[in-house]
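To keep things clear, I will list the structure first and then write my remarks on it.
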There are 2 protein chains.
Amino acid sequence: MSQALTRDACAALDAADPLRGLRQLFTIPEGVNYLDGNSLGVMPAAAPERAAQVVRHEWGEGLIRSWNSAGWITLPQRVGDKIGRLVGARPGELVVADSTSVNLFKALSAAISIAQADRPGRRLILSERSNFPTDLYIAQSLARQHGMELELATAAEISARLDERVAVLMLTQVNYRTGAVHDMAAVTAHAHRVGALALWDLAHSAGAIPVDLNGANADFAVGCGYKYLNGGPGAPAFVWANPRHASRFWQPLSGWMGHASPFTFDTDYRPAEGVSRYLCGTPSVIGLSVLECGVDTLLAAEPLGGMAALRQKSLALTDLFLAQVEARCAGLGLRSVTPADRRVRGSQVSLACASASGYAVMQALIERGVIGDFRAGDGTEAEPDLLRFGFTPLYTRFVDVHDAVTALHDILTTQQWREARFNQKAAVT
Amino acid sequence: MSQALTRDACAALDAADPLRGLRQLFTIPEGVNYLDGNSLGVMPAAAPERAAQVVRHEWGEGLIRSWNSAGWITLPQRVGDKIGRLVGARPGELVVADSTSVNLFKALSAAISIAQADRPGRRLILSERSNFPTDLYIAQSLARQHGMELELATAAEISARLDERVAVLMLTQVNYRTGAVHDMAAVTAHAHRVGALALWDLAHSAGAIPVDLNGANADFAVGCGYKYLNGGPGAPAFVWANPRHASRFWQPLSGWMGHASPFTFDTDYRPAEGVSRYLCGTPSVIGLSVLECGVDTLLAAEPLGGMAALRQKSLALTDLFLAQVEARCAGLGLRSVTPADRRVRGSQVSLACASASGYAVMQALIERGVIGDFRAGDGTEAEPDLLRFGFTPLYTRFVDVHDAVTALHDILTTQQWREARFNQKAAVT
């Protein structure tokens, strides 16, 4: 791809894009160039009507009867099966419930139980230092509870640290800061060779890159509903267990919805067969219903090639962005921390910004309608402050990439960032 | 109150009811006499518009910016403070998060930690056999994890069993089957005298009866958003900790939203001060926003006397129902298991039904638009099958009580229940 691609050339790419029609499935505000779908996906056009139907009709009219008549009772499984199609899970293997953090607690608890039974004496949970913090916090809590240790390594070190000491390897497949991707099949195979279990957080994978949980022979997985699945703010999350583990152990959040027979109101907990035991309390019906609209936007791509086609466009978008930044912003102090190698690049690009306050640059971009986000680093060369741009092939156009680089160039060359309003931004990864 | 009160006399009570205007805050379907607000409250009239605003405007237009501009980031505390006004919690003491089951896991974990520190060696969690099952399941899980035991007793036995062996007394204040109410202040005082902590589930209390957590000097509490708080199907739940405990111990669901500084993305977990450490993952923004509409319906009663006034009407409604059943359904095999004593009666009435299948009778009632629910017993005299009727003084009228008894009488005398469709009803308590 030419580094000097003009806006017209980008518009031509959009006109030739076989996925271009998918953008119509969304309502995108006028004047907004949204490159933050890795944090909160945009609203599917079907979402308001679906929310209204659930609230006004299913709740307002159907009331308690809607647990059956509107199918609320099977929503966690029904939406779970749809998400399963995006991540290589078979029907019945994946449920939607709670938040990613809570699901990670369940899945990591189950993994630890299995490791303790099969490989007693192993005391290590291995993870990546730049994993998303909530994953580390949950692992710290469970390590403490089980008398284990959480060992953190850089991505490059993981392979060397993965040995017979490790009970569970817990990784987020796509790094939320850099967008670097772990090879799930290879890393899982390595974990299994040393007798460890592999638990994957798909927060920045599901709906972003092709994932094949069964193909990779993974052990457990969790993921997020409100990023690339476009499920709305605080959408419920999902959890998957390999069928060989699903019915093997309790998870500690033994709520009534995960009971084998929730409506007999037994005094004793008896977990449901399979992954349904990963349900806990009453599911968020409105949130689950709206999430389904988001998942449906990804399934709408299936006749056009599905996740493989979305992946091709995603890579074309990030290729273009990297090339445009290199060609048009040379000398302005930007440095990509996202892998140039397409095989290990997710659906985002993150730029360190040497010449200016990254926070102020992102504020200036947002004021111009180019919405990415800012992620603070620890001040070291290895972990710099980052401008983060997510590229969601369902609705991002090639001209959006061009326009974003234009805005970035203008802000840096005119030092417009010095004037950006410093309103605190509390964004959610 | 006369046992032979006519429908006209009931209509006169409605006309004189100072709370009658509150019914207009709800949208109640034509032809429905809804007596199941203890399971799922009816829809506040404001809910569809609020849901549409959150979905279409805050998400659709505001996108990621709404974490600040729409105040999403403080929703758990803001709605929590409103609920706090209904249960005797001060501002900053109560947050909305997750489900009741998940919050119970957090609160019981914290209570166990404190008990282990202050009263090492105590190994007992004491609860009521007819507590709602999910509470028992969560307690079983934590008992197993901490090497403790869950001891179950009848309500009458609790006092005798509450002694120096008990680490935590965990009770649901209002029994979901019978509507019997524990005296929170007296039972908590007893628990404290023997050195035990008192954890209360307010699932059938919050919005149903006056509750004063600080006045009762309770230790921990959790509660439900979708019953008497009218928060919508699967609405998020709440959790409260007495300020003397709130910052003392970790709870194990150490997600990033409960971190002291969630947006600095520290590698190590450092819990927030106070009850905010009971947050875990990203909150359900749509669910929380709709829940706020439900809570607002209760706060709308404050100028009319608040929970005390609602309590008076609730008791008048259950008094009337009990009297009408006694006067008009004599000899039809109905027997109330709800306390006749107003001081220990919640906002529901449950009837055992000797002469007919309770399940079929409830189906026949529902077919006539009188919606209560059915709760199976264990077949013993002590725990019979129940017809359960919830009376929510915000929207239930005295004529609704009269009409419900008329329907019940007709169904039992004409044996119409034999024809009721036996469609499986999966209701949520």
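The backbone N, Cα and C atoms fix where each Cβ goes, and this holds for glycine too.
TrEMBL does not curate its annotations; it predicts them automatically.
Listed by TrEMBL as binding pyridoxal 5'-phosphate are B:Thr100, B:Ser101, B:Phe132, B:Pro133, B:Thr134, B:Asp135, B:Thr172, B:Asp201, B:His204, B:Tyr226, B:Trp256; the candidate from B:Thr74, B:Thr154, B:Thr188, B:Thr282 that the record includes in that site is B:Thr282. When Cβ atoms from all protein chains are considered, those within 10 Å of B:Lys227 (N6-(pyridoxal phosphate)lysine) total 30, not counting its own. Contact with chain A, taken as any Cβ pair under 8 Å, is found for the recorded positions B:Thr100, B:Thr134, B:Trp256 out of B:Thr100, B:Thr134, B:Thr172, B:Lys227, B:Trp256. The record assigns B:Thr100, B:Ser101, B:Phe132, B:Pro133, B:Thr134, B:Asp135, B:Thr172, B:Asp201, B:His204, B:Tyr226, B:Trp256, B:Thr282 to the pyridoxal 5'-phosphate binding site, and the maximum Cα to Cα distance across that set is 30 Å. Sequence-distant neighbours of B:Thr172 (pyridoxal 5'-phosphate binding site) (same chain, 6+ residues apart, CB-CB distance under 8 A): B:Glu128, B:Asn131, B:Phe132, B:Asp135, B:Trp200, B:Asp201, B:Leu202, B:Ala203, B:His204. Between the alpha carbons (Cα) of B:Trp256 (pyridoxal 5'-phosphate binding site) and B:Lys227 (N6-(pyridoxal phosphate)lysine) lies a span of roughly 28 Å. When secondary structure is read from DSSP and collapsed to three states, B:Trp256 (pyridoxal 5'-phosphate binding site) falls in the helix class. A simple Cβ count within 10 Å picks out one of the binding-site residues B:Phe132, B:Trp256 as the most packed, and that one is B:Trp256.
In the three-state DSSP reading, B:Thr172 (pyridoxal 5'-phosphate binding site) counts as strand. Ranking the binding-site residues B:Thr100, B:Thr134 by how many other Cβ atoms lie within 10 angstroms of each Cβ puts B:Thr134 at the bottom.
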